[in-house]
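Chemist: Encoded as structure tokens, here's the structure I'll be asking about.
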Amino acid sequence: MLLGTGYDLIVIQWPKWRRIEEITSSEEIAIEASEKQQLIENTKSRIKEYQPGIPGKLLLSFSMYTNGSKILDTKQGKGVITCINGIRFLSMTWVIIGHAFSAPNNIADNIAEFMPRMLKRWTFMAVCNAYVSVDSFFTLSGLLLTYLVMKELDKNKGRLKWFMFYFHRFWRLTPPYMLVIMVSVSLFHYTGTGPNWPTGGIDKGCEKGWWYNLLYINNFVEDNKKKCFGVAWYLANDMQFYILSPLILLPLYHFHLLGVGILMVFLVGTTITTGVISTHYDIPANNFDAGDATHWKKLYVKPYCRIGPYLVGMYAGYILYRTNCKVRINRYLNLAIWSAAIGTGMAIVYGLYDDINSETPLPTSVAAFYNAVHRTAWGLCISWVIFACATGNGGFINTILSWKAFIPLSRLTYMAYLVHMMILNHWKYSQTKTIHLSDSEYIYEIVGHIVLSFMAAFVTSLAFESPMLGLESVIFRRKQNKR
């Protein structure tokens with residue numbers, strides 16, 4: 001990183017800056033301040049930049065200056081659905097809040113009082129039922145995959161470069177993923193001390209089970225001694241969905257009705273499967289199962305129970321592709337659909353209040369119905385928000401979600417997802433005394449977790465993620481898209 005940055009600044013950037021200064025100083029005569037920036041931009045286009053060879057380009061892949069500029073750049077290419085930036089960032093903060101809720105356990109002196117008291121507040125359901133935030137990412141993943149692949153199929157006359165289709169996904173996710181695991185396993189336990197500090201680190205299962213993560217099958221590991229990097233169950237599911245996606249993408253492109261039929265088979269299959277498993281094991285609708293991990297093992301991490309929102313996102317992406325993001329919707333119909341989407345989302349997040357706080361849980365059949373459909377329904381809600389915003393029917397919601405400040409933050413969500421548990425665990429295990437939990441204490445800690453997670457994400461993106469994308473673009477001569 002130091003070599004790449006030095007090479008970039010000395011060989012690439014410095015001569016360019018000097019040349020800009022020379023030209024603008026000779027031309028900057030009696031111009032208004034507002035015209036100065038335009039002069040500089042025009043000057044840049046006139047300068048013939050030095051073009052490094054392959055070794056130079058490989059070294060530039062590690063430049064903190066160039067990579068940092070790309071991360072912080074608020075410009076995006078044509079055809080980008082801008083509201084996705086806000087949804088991605090807000091969903092990631094929701095994930096962090098949900099994980100922070102489970103962090104205190106053994107270091108809070110009033111945990112037995114605090115949690116039940118918070119659960120009595122219906123507003124707190126947005127925190128304790130933050131699990132659907134993950135389904136937002138599944139929806140986004142399916143939508144973007146379909147939307148971009150359909151455009152790629154148009155360019156290539158219905159054909160895909162299959163090696164690059166799978167390799168790019170593996171290369172995009174795996175090196176940063178494995179490098180973060182390396183840091184977590186080998187270095188984390190040296191970063192702190194205290195009476196609660198875990199001896200030997202927090203990911204002990206990685207010694208025997210790291211290769212399950214490398215192959216993206218770690219969501220099927222039942223042995224606790226082989227479980228590695230717990231939050232990575234999401235990546236396993238997402239990769240498995242991606243591998244299966246051509247079974248829907250190609251029929252959807254070439255034979256629309258056949259593609260819809262296959263998609264519906266998957267959707268009906270996941271709904272029935274989830275309902276049957278939930279009924280068989282009598283799994284409650286909420287995740288507060290008194291320490292029983294059945295909900296987690298049988299439903300939460302299994303792809304055949306989580307693919308619903310991904311499928312919904314895929315078809316939403318197809319509709320956006322077919323309509324070219326240009327759809328006019330009657331004002332009253334638009335308002336009605338928005339009302340239905342908001343009402344459904346509120347019911348999913350807040351509808352379990354009585355079940356969580358009642359001594360009598362929901363009947364098995366009702367719980368099974370909720371488990372079977374609520375994730376897919378959430379995917380429908382998110383898909384509508386994206387569709388409405390992308391087609392000009394989002395109003396002020398699109399304005400908020402498309403705020404330019406979300407662009408750099410959304411680029412950091414993958415690394416924030418990978419590193420945020422290390423931030424939370426470091427805070428949790430480094431405490432040397434008990435904490436008296438209160439509203440202000442909890443809010444203060446959550447804000448700190450979010451800020452530190454994204455700060456760490458920026459550093460690890462410069463170190464682990466951006467260089468790998470740069471190397472791929474050099475080796476395969478791929479043009480990097482502005483994400």
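Each Cβ is built from the backbone N, Cα and C atoms, and glycine gets one as well.
Pulled the feature table from TrEMBL, pasting it below:
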- 83-459: domain 'Acyltransferase 3' (DOMAIN)
- 122-149: transmembrane segment (TRANSMEM)
- 170-190: transmembrane segment (TRANSMEM)
- 231-250: transmembrane segment (TRANSMEM)
- 257-281: transmembrane segment (TRANSMEM)
- 301-321: transmembrane segment (TRANSMEM)
- 333-353: transmembrane segment (TRANSMEM)
- 377-400: transmembrane segment (TRANSMEM)
- 412-430: transmembrane segment (TRANSMEM)
- 442-464: transmembrane segment (TRANSMEM)
Chemist: Taking the domain 'Acyltransferase 3' (83-459) alone, what is its mean pLDDT?
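Modeler: Result for the domain 'Acyltransferase 3' (83-459): average pLDDT 92.
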Chemist: In the same chain, which residue numbers or ranges, 6 or more beyond the ends of the transmembrane segment (257-281), come under 8 angstroms Cβ to Cβ?
Modeler: 247-251, 294, 298-299, 304-308, 311-312, 314-315, 318, 364-365, 367-369, 371-373, 376
Chemist: Which listed range (122-149, 170-190, 231-250, 301-321, 333-353) shows the maximal number of Cβ pairs under 8 Å with respect to the transmembrane segment (412-430)?
Modeler: 170-190
Chemist: Who are the long-range neighbours of the transmembrane segment (377-400) in its own chain, taking Cβ under 8 Å and residues 6 or more past its ends?
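Modeler: For the transmembrane segment (377-400), the sequence-distant neighbours (Cβ-Cβ under 8 Å, at least 6 residues beyond its ends) are 81-84, 86-87, 132, 135-136, 138-140, 143, 308-313, 315-316, 319-320, 323, 325-327, 329, 334, 337-338, 341-342, 344-345, 348.
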Chemist: Is the transmembrane segment (231-250) packed against any residues at least 6 beyond its ends, judged by a Cβ distance under 8 Å, and which are they?
Modeler: 99, 134, 137-138, 141-142, 145-146, 149-150, 153, 160, 165-166, 169, 173, 177, 181, 213, 216-220, 259, 262-263, 266, 300-301, 303, 306-307, 310-311, 314, 417-418, 421
Chemist: If you count every Cβ pair below 8 Å, which range out of 122-149, 301-321, 442-464 shares the most with the transmembrane segment (170-190)?
Modeler: 442-464
Chemist: Residues of the same chain, at least six outside the transmembrane segment (301-321), with any C-beta under 8 angstroms of its C-beta?
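Modeler: Residues 81, 135-136, 138-147, 150-151, 219-220, 233, 236-238, 240-241, 245, 248-249, 252, 259-260, 263, 266-267, 269-271, 273-274, 277, 373, 375-376, 378-380, 382-383, 386-387, 390-391 contact the transmembrane segment (301-321) from elsewhere in the chain.
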